[in-house]
There are 6 protein chains.
Amino acid sequence: MFYHVKELQYQAKPDRPDPLFAKQLQEVLGGQFGEISVALQYLFQGWSVRGNGKYKDLLMDTGAEELAHIEMLATMIARLLEGAPVGDLEVAAKDPIIGAILGGMNPQHAIVSGLGAMPADSVGNRWTADYIIASGNLLADFRANLNAESQGRLQVVRLYESTTDRGVKDMLSWLIARDTMHQNQWIAAIKELEAKENVVVPSTFPRELEKQEVSYTLFNLSRGNKSASGRWANGPSMDGLGTFNYVENPVPLGQKPALSPAPSYIHDTLPSVLKSDVMPPPNMC
Amino acid sequence: MFYHVKELQYQAKPDRPDPLFAKQLQEVLGGQFGEISVALQYLFQGWSVRGNGKYKDLLMDTGAEELAHIEMLATMIARLLEGAPVGDLEVAAKDPIIGAILGGMNPQHAIVSGLGAMPADSVGNRWTADYIIASGNLLADFRANLNAESQGRLQVVRLYESTTDRGVKDMLSWLIARDTMHQNQWIAAIKELEAKENVVVPSTFPRELEKQEVSYTLFNLSRGNKSASGRWANGPSMDGLGTFNYVENPVPLGQKPALSPAPSYIHDTLPSVLKSDVMPPPNMC
Amino acid sequence: MFYHVKELQYQAKPDRPDPLFAKQLQEVLGGQFGEISVALQYLFQGWSVRGNGKYKDLLMDTGAEELAHIEMLATMIARLLEGAPVGDLEVAAKDPIIGAILGGMNPQHAIVSGLGAMPADSVGNRWTADYIIASGNLLADFRANLNAESQGRLQVVRLYESTTDRGVKDMLSWLIARDTMHQNQWIAAIKELEAKENVVVPSTFPRELEKQEVSYTLFNLSRGNKSASGRWANGPSMDGLGTFNYVENPVPLGQKPALSPAPSYIHDTLPSVLKSDVMPPPNMC
Amino acid sequence: MFYHVKELQYQAKPDRPDPLFAKQLQEVLGGQFGEISVALQYLFQGWSVRGNGKYKDLLMDTGAEELAHIEMLATMIARLLEGAPVGDLEVAAKDPIIGAILGGMNPQHAIVSGLGAMPADSVGNRWTADYIIASGNLLADFRANLNAESQGRLQVVRLYESTTDRGVKDMLSWLIARDTMHQNQWIAAIKELEAKENVVVPSTFPRELEKQEVSYTLFNLSRGNKSASGRWANGPSMDGLGTFNYVENPVPLGQKPALSPAPSYIHDTLPSVLKSDVMPPPNMC
Amino acid sequence: MFYHVKELQYQAKPDRPDPLFAKQLQEVLGGQFGEISVALQYLFQGWSVRGNGKYKDLLMDTGAEELAHIEMLATMIARLLEGAPVGDLEVAAKDPIIGAILGGMNPQHAIVSGLGAMPADSVGNRWTADYIIASGNLLADFRANLNAESQGRLQVVRLYESTTDRGVKDMLSWLIARDTMHQNQWIAAIKELEAKENVVVPSTFPRELEKQEVSYTLFNLSRGNKSASGRWANGPSMDGLGTFNYVENPVPLGQKPALSPAPSYIHDTLPSVLKSDVMPPPNMC
Amino acid sequence: MFYHVKELQYQAKPDRPDPLFAKQLQEVLGGQFGEISVALQYLFQGWSVRGNGKYKDLLMDTGAEELAHIEMLATMIARLLEGAPVGDLEVAAKDPIIGAILGGMNPQHAIVSGLGAMPADSVGNRWTADYIIASGNLLADFRANLNAESQGRLQVVRLYESTTDRGVKDMLSWLIARDTMHQNQWIAAIKELEAKENVVVPSTFPRELEKQEVSYTLFNLSRGNKSASGRWANGPSMDGLGTFNYVENPVPLGQKPALSPAPSYIHDTLPSVLKSDVMPPPNMC
């Protein structure tokens, strides 16, 4: 169950409106690695944990915080949109700044949301749950989380570089710091689980049931062998259970597939037509 | 540039058709962590690497291999669909197996693809590039890759548990082994980059520009403090640059946001209407 | 900013697992009118309100509650999935219940989420922000909210009819009651705004700028005139500003459109080709 | 069955081309509340009505009209796109208007549709049936329709404010008037159904089966109690069957959920791993 | 502008309800090649034709007819859903037919649409305008249309094979006949345009601007040379302007790409990190 | 199985960066008819062919080539993005070119992909498998392929017209030539199959089972009879099995549909409510 307070976790006040930056900032609100994604990802993972210990608590702590970040960004975007112009080209052409805004801002910020933030990314794609991950296996999912925080911090940093507004930069520098923590915390949790389970997910599948002859092999399938000099092609494997090896010239291990004909009620191309390899005369039509 | 040979990388031959399992197997072909996802993810990452060394080579090697895995799964699914029944309920009811197949198989395998595999997951959602990740920052992206191989191996293992078909199990045990390798290889690459760059992505953002006072803080936002006992709340941070700390009762650091009214041409609810807090009499309507 | 407590707003415990019902129940968690939709819809509306009075408070109150409902449903679904079988058809055919479950359950509940709830609907479509609405105009948005609670309660009622599990019915009867309240509250808020603004959204557009000659006209565009007997075709209009009228035989008021040719650099079909109305001889090919 | 005449319902002729406005106008053709949405929403509702009276007739009348509106907008957009420039930046930079057009127009209007309208919104998202609603319950659906016409008229009004083209304004003022009618007509139909059924959808669910103790309660879940002063927290409920009440400090009514472990064949994190709350030493890695 | 009559273009009455077939039949209503797709595809093409002759008329004729087909299918599906059961597994298990229906029907037909047809395909994916095509070039678009009618007729035929219901078969045999006509008509229109413009789209691009040395070459990029025996590798090209030729061992014509480093404000992996090809010692961690 | 070489099939080097054109060029990489679409379409068709002859070989040859085209475009786009500016409006306003770039480029090229190509189209919609087609019937699918190459070549030609960069034009002229070949090859393959099977897909459905009385009829459903003068309304049908005819005034052949009421557990609007056609008094509320 959730309680809301109206104060923001951290301030979200730009020096001045900037509808173009509002559009860009949508990326970290409603994009693939925006705050909606991490909030719902952590909450869904937490709700699915089949146990009630510290991992679940950590997920719920962090999920609740990400909800606060959605709120901060929604507030910031609404403020960046204040006074966004509408108008047509003749007017716009007289003032290059107005022209650039009208050409470059997200038109839905005026037409659809009425100067509010949207659950969408920087090009206007609406947020989709295709972005989130919750598998029931925490080592797998914490890796998803570490990735999300890595991509997310990278995007916030790129946005930080794109503005000179001190108010915006102030809020972004706070979000960047939180992403520093979140990367650190998922690394800590991952290392703990790896220490308990070893590094390959899932750790519970019996090793003898996999084809171990190819469990540590790098196939050189892109001509040129620079990849041969990587750690992944030499020495003990990272799980400590094998030795990396490199196959310079990999060959197929299977046959050419030959599929049986489809039943007639499917109305695929008939085998008789498929088998006919006689070339029609060049003047056929 | 790519060359194709018609032999499969590894055999893909079930003991017998099984349209229900064909539907399930679609998950690891065309789902969020299916082979289409990893193939295109690695290739797009490789094409974006701004340099030509071993990391790019590794990405192209693995991307090319994943194309072969799409092919194996497409072949296996086409064979599992051979002889899939069509028909209506009266017929079906006479034979519970036929009934279960007709009720449970993906109808598009008959109607749309004509007993071929589809670029879709196990419930029929078509594959989307929303699933893939390529940021230009390799440490971030290798974490995405490690996650993808973790989720992917987990899903293949779950499918392995769901069938008794020896031919299917044989192919899956081969894919599981390859996922073992791929998890190992991305871990190796990640460790190498972390050794060069430290663990927080991006490593190139000046630390003094982030709000370092919250860079290592866990806020207890889900009541109950089990998370306080985790590694993430105690001791040196994983990046070695700070010390984890725990805030038992976090409070807001920002103000209640008060947004300015919208311009009249936006036609949002008027401030005069919004401000009116007088309650209408209960018999208003 | 949000705080979470681990207790549920209301209990969510089925009498027994039922993976088929788990699949159906996903509709009101992650479907078009599921709890994710109303939670995010109310929160985004609240964050966009340009004012800080009772309407914003009401939106945030209700948005926070809907987060709790997501949690209840996620918990219920995870429990309904406990012990979900996996297996293949030969086994399934021996037990019709197992067979029906294997054929009918959402395979992603086993393969993808590991027996956890998913942010998806009852056929497996992932939740999308295309479902939600926040325009900055509260009368418009409260109508969206009333619709959402109407559709949502209707769906929960249909699910209530579909199960005999007393634990499930208990939780659903609680959600149905909350939807009763939410319909009542949005009606109350709508009536208040309509009393202030009149009923047509937006109320701020000058009436003289619209083509008032068709502002209260019903065009009979589907042959048969039963619609002529409705309130909407007779008497004063609902906004009190006009009189409904009915046009039995509507005719076009515009011309046939004739578009100018495209510039040559667009490579549309050439005007010369389009204009050529000479029919080729029937034996042309 | 449908018949088409080539004349437009109302004229759709701009004074001059304006590719930027063409892009914006797409919102009310192919956006969430554009004409495709209302046309298909009303038609699908009409086709599902299980009865043949005035409501079905009204739905078919209005659905047929919305098809005509799609046509008007498609024609207008094609004309706004006439002569849209193509070219590159060096050329564009010499003329700020050309530059703004090239930067701001929808590139698919040139590349994909060849200067024709697209079934997409103002940022280029293709129309999706996720936007539409047809439940078989007319009171619910008429509320959806009233919302759609409210959002739609609001968007058309915002577009009207964004242009000085008299031809465009002429057509928009006609569409605005039609939306005035459509809001009025759905209100009329809603009031009629509410008079017959009372206001809570569905009206056919027995009241004694819902948890009536929370059917009229507002839970104050966002700190601050401005919402307590609303009509929704005081006096008789809008359905006349209860009395609104306000809970200042709501508490959870359920327990902390404790989920049972997953079966081993699911390969979620093992209970033994989850239960282990011993913190590893800080120098673990 | 459109007029509707309530009679169906052709009857749509099944012998008896069949909720499983209702689900399958959705494919040709709301799937990629369903009636919504062809209706909107032809109408959008018609609205974009920059001319007013017979091609536009043909498009509008056929588009209007496809609207009637949507209506027939929506009616048929609503009737197939009549009396669809709801219930839970214990009940279902007693009657294998009920069990198969409950497991196999689309749950949204009960929960969401209230026994009405949906704008979705046979697995429940909602219709999307991603399916449709209108380019402004009629030869290109008529090829899209011929493809749509070919895929569509194939799917209807497969559905015809899947039922023994005479009422359903009667309607499907009518739709199959219409698809026969529509394939014939688009072939006729294509041949006419090809006679005017030659066969390569667009016909208006100057031949000397393309790299004519590869305009008629088949590159053998999948090892094995069966494709060498096809018409496409021998004799005059179909446009009559060249001669097909076959390259048995194609080689790259470009260089290895070497991308320049990204600017520092993008925070991609640093060139210094990328260039470092020194392998870390195997005991690095 | 696939092998990759790092050399490009053809060079992909622009004269200079152009982030606006990079955005536009995305259309033919990741749009509906971009290279991802044709690559995966041909490969999936090839994997589903139930036979191993020249058609399968041709599909695999061409699919493998299209993978190379993805690579060329990804490389070109990465180079066009080199040095893309970031920044805010104050800076931008000083230089109209910078302003146009900042307003017009795809912001995800900076924020998300770090100056790499994306699997998305020119407005930022991510690629989706909804675009591709593989039915198991080769005549149907080759028509899909001919359409794809027609739309694709048209789009590349339009892009060619939009740039003056000689390096870009060089690569595009190569792609245009390949599309010339691919249109020619699919036409060749189609003609061969048509010669074997006749022109209506599927050719295997018995003619006597379709309603032959409407198999060659054009219904004039858009008032005006220009379409009567087309080849499609006169003379022998294209399949040689009938004669085209034209119905000037088509009438419905079916009845008004009357659907039975829904069962009470569905909670649709009650028949008693639906049947009530008594109009409430105009002063009802």
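Cβ coordinates come from backbone N, Cα and C, glycine included.
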Point to revise | Candidate from B:E149, B:E248 that TrEMBL assigns to the same Mn(2+) 1 site as B:E35, B:H69, B:H182 | key: B:E149
Review point. Closest of the binding-site residues to B:N220 (Ca(2+) binding site), Cα to Cα, picking from B:E35, B:E66, B:H69, B:E149, B:H182?
Key: B:E149
Review point. Counting other Cβ atoms within 10 Å of each Cβ, which of the binding-site residues B:D61, B:E66 scores lowest?
Key: B:E66
**Study point:** B:D57 (Ca(2+) binding site) to B:E66 (Mn(2+) 2 binding site) - Cα separation in whole Å
**Key:** 14
**Study point:** Proximal residue to B:E35 (Mn(2+) 1 binding site) among binding-site residues B:D61, B:E66, B:S222 (C-alpha distance)
**Key:** B:E66
Check your understanding: Relative to the Cβ of B:H69 (Mn(2+) 1 binding site), which residues of the same chain, six or more apart in sequence, are found under 8 Å away?
Key -> B:Q9, B:E35, B:V38, B:A39, B:L175, B:R178
Check your understanding: Near the Mn(2+) 1 site, what residues other than B:E35, B:H69, B:E149, B:H182 in the same chain have a C-beta no further than 8 Å from the centroid of the listed C-beta atoms?
Key -> B:V38, B:A39, B:T62, B:E65, B:E66, B:A148, B:G152, B:L175, B:R178, B:D179
Check your understanding: Just how many other Cβ atoms lie inside 10 Å of the Cβ on B:G224 (Ca(2+) binding site)?
Key -> 18
Review point. Any idea what the Cα distance is from B:G224 (Ca(2+) binding site) over to B:E149 (Mn(2+) 1 binding site), rounded to a whole Å?
Key: 34
Practice item. Report, as a single number, how many Cβ atoms besides its own are within 10 Å of the Cβ of B:S222 (Ca(2+) binding site). Key: 26
Study note, to complete from the structure: Expressed in Å to no decimal places, the gap between the Cα atoms of B:E66 (Mn(2+) 2 binding site) and B:S222 (Ca(2+) binding site) is 41
Point to revise | CB within-chain contacts under 8 A for B:E149 (Mn(2+) 1 binding site), separation at least 6 | key: B:V38, B:D179, B:H182, B:Q183, B:W186
Check your understanding: Which ones, of the binding-site residues B:D57, B:H69, B:H182, B:N220, B:S222, B:G224, are Cβ-proximal to chain A (under 8 Å)?
Key -> B:D57, B:N220, B:S222, B:G224
Study note, to complete from the structure: Of B:E35, B:E149, B:G224, the binding-site residues whose C-beta sits under 8 angstroms from some chain C C-beta are B:G224
Revision key, fill the gap. According to DSSP, B:H182 (Mn(2+) 1 binding site) sits in helix
